[in-house]
Amino acid sequence: KCPLPALPPAPRSVNWPGQAGSDTAALAQPPPPPPPRAQTSPGPVKVGAVPNRRLGSVRGVPMSSPPGRRPRLSSPGTGRSSSEARDELRRRLLGLIEGNRVMIFSKSYCPHSTRVKELFSSLGIECNILELDQVDDGANVQEVLSEITNQRTVPNIFVNKVHMGGCDRTFQAHQSGLLQKLLQEDSAYDYDLIVIGGGSGGLACAQEAAILGKKVMVLDFVVPSPQGTSWGLGGTCVNVGCVPKKLMHQAALLGQALSDARKFGWEYHQQVKHNWETMTEAIQNHIGSLNWGYRLSLREKAVAYVNAYGEFVEHHKIKATNRKGQETYYTAAKFVLATGERPRYLGIRGDKEYCITSDDLFSLPYCPGKTLVVGASYVALECAGFLAGIGLDVTVMVRSILLRGFDQEMAEKVGSYMEQHGVKFLRKFIPVLVQQLERGSPGKLKVVAKSTEGPETIEEVYNTVLLAIGRDSCTRKIGLEKIGVRINERSGKIPVNDMEQTNVPYVYAVGDILEGKLELTPVAIQAGKLLARRLFAGRLEKCDYVNIPTTVFTPLEYGCCGLSEERAIEVHKKENLEVYHTLFWPLEWTVAGRDNNTCYAKIICNKSDNYRVIGFHVLGPNAGEITQGFAAAMKCGLTKQLLDDTVGIHPTCGEVFTTLEITKSSGLDITQKGC
């Protein structure tokens, strides 16, 4: 069997400003009677679809049809499956889009289509037109077009393979000058794709595009933190996020394991203490090997890597500035923004001078000593947890609630466990001044804080102040305003459509800078790979941002997938929900004499949808490992009955989800008496 030829790249699609549906009525509605031919004539525009039901010179389409028959874009065949016919139709449509400078899918009686044809005629631009009401399979064509573009209206317009949209959006592009720019495009770009940002999402997209045969460049430059910290290729996760965080969390768990070991018969007499420098050196060595691995992978795939700061200077053109201030200019047909985020500062006296952030902590050359962690984010609680776990005096200063955006019952249980195990919490306070008392490694810092509920102020001395109050998107200083890419002015986040496309058709974005999306490494990787496949391999799969699992690596880990209880009530109403829950005691904790009735599991079920599990939450050891498997089950439509029908693995923590019986609404006691 001969393999099918590769599909042409999928066209780009974009969300444009303007009213939805303003271009035409929905294609599903019955068409109005055709107006007189004089009203639909596009004048001097050269068209592919011409009178007498002929397709004319549109490439990839038969030139004429038998007498009495309307032409077809797809071959009907007799033994072909509907799937094969659909694939062929899609291939031919993509061929039309790829092979024509301007391709318009229209209906001969549509006044909006007429306006667009007249616009191109006035510009003296030759365009190819397929009138969907003049081909036998017009309904199939518009259905496949809607899959490709997410647009179900005509006209549906492409300029140099860029999906412009409909009538209103094309006229907006004409008024802004973007249409003229796209009409002038040719293949004289330096690269097919330039990715700005060398984090997980950007690298995944770049490498996938290179595998698909495209010429790709990655620009990556880490602006040093106020304390002077910078790092190598790989982004936040590898260098100053997930990887070093999990390793330091493991260091703290090993300390707990040493304590438990005596109860299991291990005898040791020498004093056990933790060495910060040994730990950080080992972790940084591992990170260095990952940095090198990324560079090697880019080299093997022929991706150009430039350690320089990227900034747009005009459409399709970017300036790259290296550490020495040398500037080089590059052009590309498409760009992907993957610049990520950096920690936010308080904006008070002494914060940037004396405080550190997660950017600095994991490579800190000395033990931080007595530490104040400011913030209640997962970064704040994770860092506070492992610092306390290696024996440090740790205080967390919280302005309002813990783990905003997470299930608040679970968040409070996380905080309660930390407090019971030595982490102090200062609730409803914010720092107003950080003053250096002594230099050193570490030195001494005085922190003055003010109550959020009254005039009370407090002050305390710490060796280190770690800020973890949120992160800001790195989008404001890369020249986006020069090419018209819109950002959320308050947050710096970039609005995109479900194709990760910005309002500028050739610019896309992935990762933490996306508005309304989860800031998680695996999400960015998935989105980056799928984006490259849509752009360069004609694929249609989009990143699914629903039911994304995650874990907070606090001393007692918290894993979740789906909706929090608060969000579930907001979306589905309390009367439509059933919450099953229980406390449990891990077998490993029994002999060690660790806390009973501390670990907690709950699922939130939608009663009106066959008790489908819409929220999964677990607080206990190895919560991340437990959550991953249940997340896959939720993707498959997990219900309470399916959980009940599942045989658990004994003795494990995960099996508790196969035996859940008590509902919150029953009010019954959930404390456990045994393992």
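Every residue, even glycine, has its Cβ placed from backbone N, Cα and C.
What you are looking at is a predicted structure, and each value in this text was computed from that prediction instead of being measured.
The feature compositional bias 'Pro residues' is assigned by TrEMBL to 1-11. For 1-87, the entry in TrEMBL reads region 'Disordered'. As annotated by TrEMBL, compositional bias 'Low complexity' applies to 59-82. Summarising the annotation, TrEMBL assigns domain 'Glutaredoxin' to 102-163. Sequence annotations record features per position, and here TrEMBL assigns domain 'FAD/NAD(P)-binding' to 191-528. Taken from TrEMBL, the feature domain 'Pyridine nucleotide-disulphide oxidoreductase dimerisation' covers 548-659.
Averaged over the domain 'Glutaredoxin' (102-163), the predicted model reaches a pLDDT of 91. Residue counts of the domain 'Glutaredoxin' (102-163) by helix, strand and coil are 27 helix, 15 strand, 20 coil (DSSP-based).
Taking H, G and I as helix, E and B as strand and the rest as coil, DSSP gives the domain 'Pyridine nucleotide-disulphide oxidoreductase dimerisation' (548-659) the counts 44 helix, 33 strand, 35 coil.
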